[in-house]
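J.: So Swiss-Prot says this about it:
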BINDING   G45, T46, G47, K48, T49, S85, K220, L221, R222, T224, H226  ATP 1 binding site
BINDING   T49  Mg(2+) 1 binding site
BINDING   286-292, W327, R447, 453-455, S457, H459, K461  ATP 2 binding site
BINDING   T291, E314  Mg(2+) 2 binding site
DOMAIN    1-243  domain 'KaiC 1'
DOMAIN    257-499  domain 'KaiC 2'
MOD_RES   S427  phosphoserine
MOD_RES   T428  phosphothreonine
Amino acid sequence: MQSSSAGGSSHMQVQKLPTGIEGFDDICHGGLPSGRSTLISGTSGTGKTVFSLHFLHNGITQFDEPGIFVTFEESPSDILRNSASFGWNLQEMVEQDKLFILDASPDPDGQDVAGSFDLSGLIERINYAIVKYKAKRVAIDSMTAVFQQYDAISVVRREIFRLIARLKVIGVTTVMTTERIDEYGPIARYGVEEFVSDNVVILRNVLETEKRRRTVEILKLRGTTHMKGEFPFTMGTHGVSVFPLGAMRLTQRSSNVRISSGVPNLDEMCGGGFFKDSIILVTGATGTGKTLLVSKFIEDAFRNQERAILFAYEESRAQLLRNATSWGIDFEEMERQGLLKIICAYPESTGLEDHLEIIKTAIGQFKPSRMAIDSLSALARGVSLNAFRQFVIGVTGYAKQEEIAGFFTNTAEEFMGSHSITDSHISTITDTILLLQYVEIRGEMARAVNVFKMRGSWHDKRIREYVITDNGPQIKDSFSNFERIFSGAPHRITDDERA
């Protein structure tokens, strides 16, 4: 299966071969150039071998295209054993003649190779295997091992060029791995590998604030287009998953159907409730009632026999159940009926890309109509602003794609007074923003709520008082006799000033 790159006459277009790797085909605009070689470069542990095997595995399972894996480092038995952790039964593919592993690893006895370096024998073995198995895809792991075995770099470069030229004549699509020393240094260790390849893909595993963050960048795809920049990816139980945030399109449908927040007075403030496919952000200081609003939102889904999923990053499941019970909400009964799924995790337990993959997988399996994250600010701890922004875009984009109502909380740093909700650009991504805040009135602490923003709908612009009772939140009238409520210094308006 092949696709054409954009631009040019049809007979001159570079044909592309889909890799089948989630998200990767999006950033390379359809796949890798067919019949050409692609260099996969990265430091140790970035996932080069996994990427190569995933490329072959998908070719066999999704497109019925046999593949050849040439290994210069690991033994075939180790490759088969390691790949099983991703759920890939490569042994069965080998037995079905869909996959052939060509062992070119060094002699375990460590014998020196005499004479000049020549890949003629290996080239013929690869050529024979391609013809025998009718292979369309070839993976070579890794070119670095070839250079390490021989000192004459210029000769090795010449022989590798011969190998690539032969593979190009045969018409197979090839990926080759090579190791680099630094994440942002020279592309390859020996400085020549990238010049004998048509395309270059760089995998990185950068340490950011004590956490590793994997990214993939397409440096060049000769003769065709691709997306620029680095894109986060993970290596999960099913292999490589790329998150092509820049490739997301704003093409999702928009619903006029309203759903309830679970708080009648809040629905009135929102013009009749939230839109069915909207993203709602509740922001406020600790203790203002954000988790309570999440619980009411989930309870309303249960009341309508709809599924909801809650991702909690600040409280344990037992604590969530206890708190919900104190408000008259029975999360356990919802779980027993299969209408609620709660997933609790420490934000620091893994990287943001892995959290995003967990969220997408859980939603894909449970298929809820509503989701909630409590809270986004917990996930922002210890990560770069750009990584957090990409995570939020990934979550909201996926929720929009699946037409799921998303309810997210954000803890403000300021206990009282105005606070920013735009530092991480969250406000521009969400459809509705609810502000919760403490205010001091007549020497007592009170809570205030305001619908700060609601796309496509009228909403109440007043700042209203609300209290938390055993039955949940009760929204009262606005602070009609005060102004500058959210400034942290409310001022009472006299009758003369009102006039």
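Cβ coordinates are placed from backbone N, Cα and C, and glycine is handled just like the others.
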J.: Whole-number Å distance between the CA of R222 (ATP 1 binding site) and the CA of the residue listed as 'phosphoserine'?
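T.: Rounded to a whole number, the Cα-Cα distance is 39 Å.
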J.: For L292 (ATP 2 binding site), what is the secondary structure state per DSSP, taken as helix, strand or coil?
T.: helix
J.: Given the recorded positions L292, E314, S427, T428, R447, K461, tell me which ones have a C-alpha lying within 10 Å of the C-alpha of K220 (ATP 1 binding site).
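T.: Near K220 (ATP 1 binding site) by Cα: none of them.
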J.: Which of the recorded positions G47, H226, S427, T428 has its Cα closest in space to the Cα of R447 (ATP 2 binding site)?
T.: S427
J.: Between the recorded positions G45, G47, H226, T428, which lies closest to T286 (ATP 2 binding site), Cα to Cα?
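T.: Looking at Cα distances from T286 (ATP 2 binding site), the smallest one goes to T428.
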J.: Per 10 Å Cβ neighbour count, which of the binding-site residues T49, T286, S457 ranks highest?
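T.: Of T49, T286, S457, the one with the most crowded Cβ is T49.
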J.: Excluding near sequence neighbours, so keeping only residues 6 or more apart in the same chain, what lies with its CB under 8 A of G45 (ATP 1 binding site)?
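T.: When sequence neighbours closer than 6 are ignored, G45 (ATP 1 binding site) has N205 within Cβ distance under 8 Å.
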J.: Restricting to the chain of T291 (Mg(2+) 2 binding site) and a gap of 6 or more, list residues whose Cβ falls under 8 Å of its Cβ, or answer none.
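T.: Residues satisfying the criterion: E315, L320, N323, D374, T409.
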J.: Expressed to the nearest Å, what is the distance separating S427 (phosphoserine) and T49 (ATP 1 binding site) at their Cα atoms?
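T.: With the alpha carbons as reference points, the distance is 40 Å.
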J.: Consider the recorded positions G47, T49, E314, T428 and say which one has the Cα lying nearest the Cα of M454 (ATP 2 binding site).
T.: T428
J.: I need the most crowded of these recorded positions: T288, T428, R447, K461. Count other C-beta atoms within 10 angstroms of each C-beta and give me the top one.
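T.: Highest number of other Cβ atoms within 10 Å: T288.
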J.: Need one number for the ATP 1-binding residues G45, T46, G47, K48, T49, S85, K220, L221, R222, T224, H226: the maximum pairwise CA distance in Å, whole number please.
T.: 35
J.: Measure the Cβ-based neighbour count of H226 (ATP 1 binding site), defined as the other Cβ atoms within 10 Å of its Cβ.
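T.: The answer is 18 other Cβ atoms.
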